[in-house]
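First up is the structure itself, then whatever we jot down about it.
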Amino acid sequence: MSLRFVIGRAGSGKSTLCLREVQEELKQRPRGKTILYLVPEQMTFQTQQALIGSEDVRGSIRAQVFSFSRLAWKVLQEVGGASRLHIDEAGVHMLLRKIVESRKDGLSVFQKAAEQNGFFEHLGSMIAEFKRYNVTPSNVYEMWQQLDAHSSSAEQKLLANKVYDLQLLYDDFERALIGKYLDSEDYLQLLVEKLPQSEYVNGAEIYIDGFHSFSPQELEIVRQLMICGARVTITLTIDEKTLAQPVNELDLFYETTLTYEKIKQVAREEKIEIEKTIPLMEQPRFHSPALAHLEAHYEARPNEKFNGQASVTISTAANLRAEVEGVAREIRKLVANEKYRYRDIAVLLRNGESYYDVMRTLFTDYNIPHFIDEKRPMSHHPLVECIRSALEIISGNWRYDAVFRCVKTELLYPLDVRKETMREEMDKFENYCLAYGVQGKRWTSEDPWMYRRYRSLDDTNGMITDSEREMEEKINRLRDVVRTPVIRMQKRLKRAGTVMQMCEVVYLFLEELDVPKKLEELRIRAEESGDFLFATDHEQVWEEVMSLLDTFVEMLGEEKMSLSMFTDVMSTGLEALQFANIPPSLDQVLIANIDHSRLSDVKATFIIGVNEGVIPAAPMDEGMLSDEEREVLGAAGIELAPTTRQTLLEEQFVMYQMVTRASERLYISCPLADEEGKTLLASSFIKKIKRMFPNVKDSFITNDVNDLSRSEQISYVATPEVTLSYVMQQLQTWKRYGFEGNLDFWWDVYNFYVTSDEWKQKSSRVLSSLFYRNRAKKLSTAVSRDLYGDIIKGSVSRMELFNRCAYAHFAQHGLSLRERDIFKLDAPDIGELFHAALKKIADKLLRENRTWSDLSIKECEHLSVLVIEEIAPLLQRQILLSSNRHFYLKQKLQQIIFRTSIILREHAKSSGFVPVDLEVPFGMGGTGSLPPMEFSLPNGVKMEVVGRIDRVDKAEDENGTFLRIIDYKSSSKALDLTEVYYGLALQMLTYLDVVTSNAQMWMKKGQAASPAGVLYFHIHNPIVEMKGDASEAEIEKEILKKFKMKGLVLGDADVVRLMDNKLSTGSSDIISAGLKKDGSFSARSSIASEQEFNVLQKYVHHTFENIGKDITEGVIDIAPYKMGNKAACTFCNFKSVCQFDESLEDNQFRTLKDMKDSEAMEKIREEVGGE
C-alpha cells in the first residue's frame, strides 16, 4: 500500500505519464492485477479512447476507466448492495415533493417557498450536498438545537427555522430511502463501506487523474482505495514551488495544494507509505511559445509581456450571433487551410443558455460537426407536455391554457388523420373556444355546443344557417377528439385508490392515444430530414417517462394520494427529466462549459462570451443557504460546499485551466450586445491577456461586411446556406451605391446561386426580395368593384378609417380581415351596453309620455338595474353572467348607468332641448330610417353613407326649430376641427347634416330645422376630490361639472341658453360654452356660426366624395397618418399584415400638421369655397 503524487503545472504531461505507465504495464503484463483509472465523469469517454489509442494497446480487460459513481456500480455488483432500487434526479424531486406536501403545515420557512420554480431542484441539491460532506440528519438536528438556543436577531432566527425545516425534510427523505432505494450520493457512501470486501479492487494499481479537489465523501473513497490498493497514484495541478511555501488562499494553486495536504494527512492516518512526489517541469503540451508563456507566467505580478508572434487572438463582436459566426468561419478556415480535424478544436463558454441554440443553428448551417456537452431538459417535448397538461386539465377544472397546451402537442390527434388538416381545424376550434369562453363544466357536459355568427345585441334573434349548422357539427366532433381521452382518464383517476393505480391510468392514457406509434412516426420523420439528434430524442423520452412511472410506483405505489398532489409530484418529476448526451463521434468540435469540462489533446480553443460578470463570474447567492449562513454553519463545525467568496478565489484557477487547454492556438472573444441588443462589457480578463501580449491586435467581428477589406470579405464566403445572406447585403449595397472594382468576386458568388441546379430555385425566393418594395399596388377598377360592389354602402367610421390609412380600410372592408374573437369584455361591448341601456330607459319614458326630468333618484336607480338585468344575458354570449368577476363588473356598469341617468335628469331640468329620438338609423331601410347620404361618383359608382345616431335633441323658440346631436362616449372626447379637416372626425357633422337636411320629412310638423350643435356625452361614474367637509349638494355639483359636454355649438346666446337655462354669465356646467357680461361668448367657448356649420357640412360632403373616388379607383396605399403623438398605427389591428416599417424607403407616415381651430376652419373654407 503506497501513495504517489504526480504534480506539475497545466500541460506538463501528468495524464500522459499515467496513461503511458498503464499502456506499458498492459503491454508487458496484459493479464495482471486490476488497474483502475479514476477520472471525473465528463472525462471517462475521452480517457477510455486515449487509453486504447496506442498501437500496442487496442483493448483491455485488466485496465478500466471509471468515475467514482461507475466504480460504485462495479463494486456493488460484485459484493452486493446493488439490489436496492436506484432513484435518479427526477425520482428524488418527486419524493421530495411528496414529503414537502405532507409536511407543509409543519414547515417554518419553506411552506410558501415550495411553490416557487426551482425549489425542489435546490432542495435536492442541498440534501446531496449534505451527503457529499458527510452531514447526517442528526448532525443537522443538533445544529438546529444549537442555533435555536442562541438565536437573538431576526437573521439568526431565520437561519434556525431554515435549518429546522431542512432537518425535517432530510430526515423524512432518508427514512423513505432506507432499505429500499439508493440515490446517486448513497452509492458513493456504500462504495466506502463495500470497498474493503471487493476482490476486484484489492491489490489493484489505482490512478486518480483530472481532479482538483475532493468532497469529504470522495476523500473517504480515496482513503479506502489507498487501504485496498497496491498503489494509488494521484495527479494534481500544482507548481512544485508552491509546496515549498506556506499555503496562501490567494495562490493560483491554493485549492489543489489543500487537496494535496488533505490526502497526505489521510495517508498518514492510515499508515500508508507516501512515495516520493514526481514533479513534472517541462511543458510538452504547448507547441506555441506564446501559449507556453501564458501558462508559465499566468499568475505573475506584474504581467510578463510576450513580444514575439503570438498565437493568441482577441476579438470583440457586434453581437452574440456575429461572435458565433466569427468562430464558425475561423473553424472552417483551420480545417481547410491548417489541416486541423474538428476534434482538435474546442469551444469553451460559461453562459450556455444564451449560446447553445444559436450555436446549434449556425454550426449546422456552416456544416461543422459539433457536440454540445450539456444535457437538455425534456420539459418541452410533446410527450412530457401532453402528460403534464392533461393532468392540469383534470386537476385545474379544464382551464383554456391547459387544454390547448395539450392539444398543441398533437398527441390527441387520431393516428390516421392528416396532421396539416387537423392542425388547421384545431386552430379554428381554438378560435371558437376563445370566442365563447369555453372552460370548466362546458367541456364535460353532454350538451352540444352551439355556434352562431353573432356578437352584437341586434343579432341575437337570427335563425341558424346551413353554414352555421355545418360549423356546429365540426366543432362538436373536434370537442370529442379533445375531451374523450381526457375524460376517460379523469374518470379512471377518480376511481384509482393508490399511486400505482394512478400511474396505470397515465400509462393507459398514453397507450390508447397510440403515443408509441406517434413517437415512432416523429422519429422516422426526423431521420428522413437528417436530424438524428431529435430522432433519438423521441426514443429517449418514451423510455424516460416509462422509467419515471416505474420509479413513482416503486417509491409510493401503495400510498393514497389526492389528484392535486399526484399532479404536482408527477409534474416535478417530469421537470427533472433530461436527454442523455450521445457520446461524441470521432471528429466533432467539442462545445463545453468552462466549469465542468475536462479537455485533452486539443490544438485550438475558442473561449467565447468573455464578458464582465461572466468570466470571471460575478458573485451569486444561489440555493437554500446564503454565504453568511454557510459561514455560520462552518464556524459551528458543519463543513459544506465553498461559499461565493471561496468560489471567487478559485475562479483564477478555473480561468488558468481554461487558457491552458490548447496546444497551438487560443481565441478569446466577447460580444458587445446580447440577442436583445442590450449592451455588454468586455471582461477585465481580456485586459490581462492584452497586457501579456501587447502585440496582439483586437479584431472586430461584424455581420455587416461592407466596411471590410477584400480578403476579410472573402472569409464570409462559406456554405451556400450562410453565404446567401451576405450576397444579399452586397447586392443591396450595389443597388444603392454600385460595387467597387475589387469586390467583384461577389458577382461570381451570385452567379453560383443563379446557375446551380440545387440552389437556383431556393435562392430566387431570397434574391427576389432585393427588389421588394413594401408598397400596395393600386387595385384595378374591376377588382375594386368585385371587392366593394357597384354600390358602396359604408358607415362614417369606415370613411374615417380610409383617411387614417387606406390600407387598413382595404384590409378590413376589402379583405374582410378581423382579429380573433376572444371572450372578453372590450370597450365596444361596454359602449354597446351603454347605448342599449339608455335607449331602453328613454323608450320607456316615451311610452309613458314622460321626460328625464320627471324621474326621481329612486326611479333612476330602479331603471338602471332593470335595463342592465335585461341586457346582460344578450351581451357577448352572456359574458356578464359567466363569472363572479364579470358579475361584479355588471354591478359597476349598472352604477355608471345610474349615475348617467341622474345627470341626464339634471340636464333635462336645465335645458330647453328635449330628445326627439335615440338610435336614429339612416340609410338602413325599414320604417323610421332616414335616407342615406348619397353620392354619385365620377366613375359612375354610387356611394351611400349610412349609420345610426345616438340621440337627436330638439328645441323651439320664436326663431325656429333647432336640432342638436348628442353622441354617447365611454371616454372623454371633443371635436377637433383639425381632425375634421383631415377627414378623421366626420361622424358628428355627418349626423347633424342628415337630421337637418331631412328635418321637413322627418319632423312631425314638417318644419325645417337649423343646426344647434354637436356634443359628446361622456358616460362614466367620476370620482371627485373635495377639500374640507363638503356637503352632498356641493359634491353633486362638482360631479355635474365632470359631465360637461364638449363639442361645437351654434354661436347664438339664445340657443346656448336653451341648452343651459341656468346660464346668465360665466361658464356653463352643461356645455363647453360661456357668456361674458356684455352677452358675447367667452374665449374658451366652442362655437360656430350658422354659416360655418353650413361650410362644415359642405366640407363633409366634399370629403366623402374624395374618399369614395379613391376607394373605387383602388387606392390602398400603406400610408398611415401621424399628427403629434397620434398615429394610425397605434391601435391598428393590421400592423402584422401591412408590415409597415419606417426604415424602408417606401414606408413613411403621412405627417399631418396640427392646427388651431380657426386655422383649420379657414382651410376648410378654402376647400369648399365658403365665405
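Placed from the backbone N, Cα and C atoms, the Cβ positions cover glycine too.
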*Of CYS670, CYS805, which does Swiss-Prot put in the [4Fe-4S] cluster site with CYS1129, CYS1132, CYS1138?*
CYS805
*asked:* At 10 angstroms around each C-beta, which of the binding-site residues CYS1129, CYS1132 has the fewest other C-beta atoms nearby?
replied: CYS1129
*If H, G and I count as helix, E and B as strand, and all else as coil, what does DSSP give for ARG9 (ATP binding site)?*
coil
*Fewest other CB within 10 angstroms, which one of the binding-site residues GLY11, GLY13?*
GLY13
*Nearest recorded site to CYS805 ([4Fe-4S] cluster binding site) by CA-CA distance, among binding-site residues GLY11, GLY13, LYS14, SER15*: GLY11
*Least Cβ-crowded entry, counting other Cβ within 10 Å, from the binding-site residues listed as SER12, SER15*: SER15
_So among GLY8, ALA10, SER12, GLY13, SER15, all listed as binding-site residues, which is physically nearest to CYS1129 ([4Fe-4S] cluster binding site)? Use the C-alpha atoms._
ALA10
*Averaged pLDDT score, the domain 'UvrD-like helicase C-terminal' (281-587)*: 90
*Let me know the most crowded of the binding-site residues, choosing from ALA10, CYS805, CYS1138 and counting other Cβ atoms within 10 Å.*
CYS805
_Output field, [4Fe-4S] cluster shell: CB within 8 Å of site CB centroid, site CYS805, CYS1129, CYS1132, CYS1138 dropped_ = ARG804, TYR807, ALA808, ILE1118, PRO1120, ALA1128, PHE1134, LYS1135, PHE1140
_Cβ-centroid neighbours of ATP site GLY8, ARG9, ALA10, GLY11, SER12, GLY13, LYS14, SER15, 8 Å, sequence order_ = THR237, LEU280, GLN283, PRO284, ARG285
*Quick one: Cα separation, CYS1138 ([4Fe-4S] cluster binding site) versus GLY13 (ATP binding site), in Å?*
64
*Could you tell me the C-alpha distance between ARG9 (ATP binding site) and CYS1132 ([4Fe-4S] cluster binding site) in angstrom, no decimals?*
66
